[in-house]
Amino acid sequence: MMYNLLRPLLFLLDPETAHTVTLDTLNLLKRTGLLPDRTIDCTPVRVMELDFPNPVGLAAGLDKNGTCISALASLGFGFIEVGTITPRPQVGNPRPRLFRIPQAEAIINRMGFNNVGVDKLIENVQQSGYRGILGINIGKNADTPLQNAIDDYLICLRKVYLHASYVTVNISSPNTQQLRQLQNETELEHLLGALKAEQTRLSDLHGRYTPLAIKIAPDLESEQITVIASLLMKHRMDAVIATNTTTAREGVEHLPRGNEKGGLSGAPLTERSTTVIRQLANHLQHAIPIIGAGGIMSARDAQLKIEAGASLVQIYSGLIYRGPDLVTKTVSLLCSRTTHAG
């Protein structure tokens, strides 16, 4: 209810400024004891050999640098994913690069992996004191040639390995040039092979297994989804996140800002991402768990993703439009049902 009063004020601000103000405010409320933990009784969901206190997580992108982990966790999330992070700090694309389309409950972003770099992220994670399930989302620097992308992912994997509950490999952002080519069969075969080999080496070295999740795009043909599913199983990936933002503009092309360049998220992505989940589930047959993301604007949207085959879900744009109550409503609905982990 409180968010319904605050949202019009936040929407008067530039979207990126509002984003910063929101994170700063949450941190202040947490530090001063004015942000109580929202907890709902829920049977833990076991996915990737991890016990998630509830199946509703925060998607990567909201807290890129891990500066607000504990405060965001207080909103009732069962897990938090930070990033995308790259080996070296980078400023991302020029501003403006974040656009609201309120008539469609949508957002377009072309942020470009702006982040403080993996070393600073690790410092922030350590300082947060967060003890819940934490995913760290990794990517490549914009100036790293595509043929050297594997090196960037391996650098990040080595550095975050002991600090993450699981690691997400982002190969599906539309805002880093050529990145989505890593979803092609040849490139993906090489990347997954290298990641699995390094994960095995790190597991042997540290005596700890940190799962790997691959985040894919919603703009894939059925044949591509089939190939990706086969490669995920071949290389024994631990999870797949479906999906990232879309380059399609159905439902917003006629609206102000609707044709801005970048990835579209929010309500227009809901059905598209759920369709990808359903197709993946059909191919994977529970061999690899699916984390559903993209256009969860209501608890019902999340439930439909679970019914399509997801074991967990993640929220981001829905939080911007519906506020923190979306988290508790979604947790309440999903935890009132019997959920089966992959």
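Glycine is no exception: its Cβ is also placed from the backbone N, Cα and C atoms.
Since this is a predicted model, take the numbers as computed values, not measurements.
Positions annotated as active site, nucleophile by Swiss-Prot, on the basis of sequence analysis: S173. Summarising the annotation, Swiss-Prot assigns FMN binding site to A60, G61, L62, D63, K64, T84, N137, N170, K215, T243, G266, G295, Y316, S317 and lists sequence analysis as the type of evidence. Annotation comment: Swiss-Prot describes K64, N109, R110, M111, G112, F113, N170, N175, N244, T245 as substrate binding site.
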Nearest of the binding-site residues (N137, K215, Y316) to the residue listed as 'active site, nucleophile', judged by Cα-Cα distance: K215
Sparsest-packed among the binding-site residues, when each Cβ's other Cβ atoms within 10 Å are tallied, from A60, L62: L62
Close binding-site residues near N170 (substrate binding site), where close means Cα within 10 Å, chosen from K64, N137, K215: N137, K215
Cα proximity to A60 (FMN binding site), best match among binding-site residues R110, G112, N244: N244
Shortest C-alpha distance to G112 (substrate binding site) - which of the binding-site residues L62, K64, N137, K215, Y316: K64
Candidates N170, S173, N244: member of the recorded positions with the richest Cβ shell (10 Å): N244
Rounded inter-Cα distance in Å - K64 (FMN binding site), R110 (substrate binding site): 14
Distant-in-sequence Cβ neighbours of K215 (FMN binding site), under 8 Å, six or more positions away: A60, N137, T168, V169, N170, I171, S172, V240, I241, A242, T243, N244
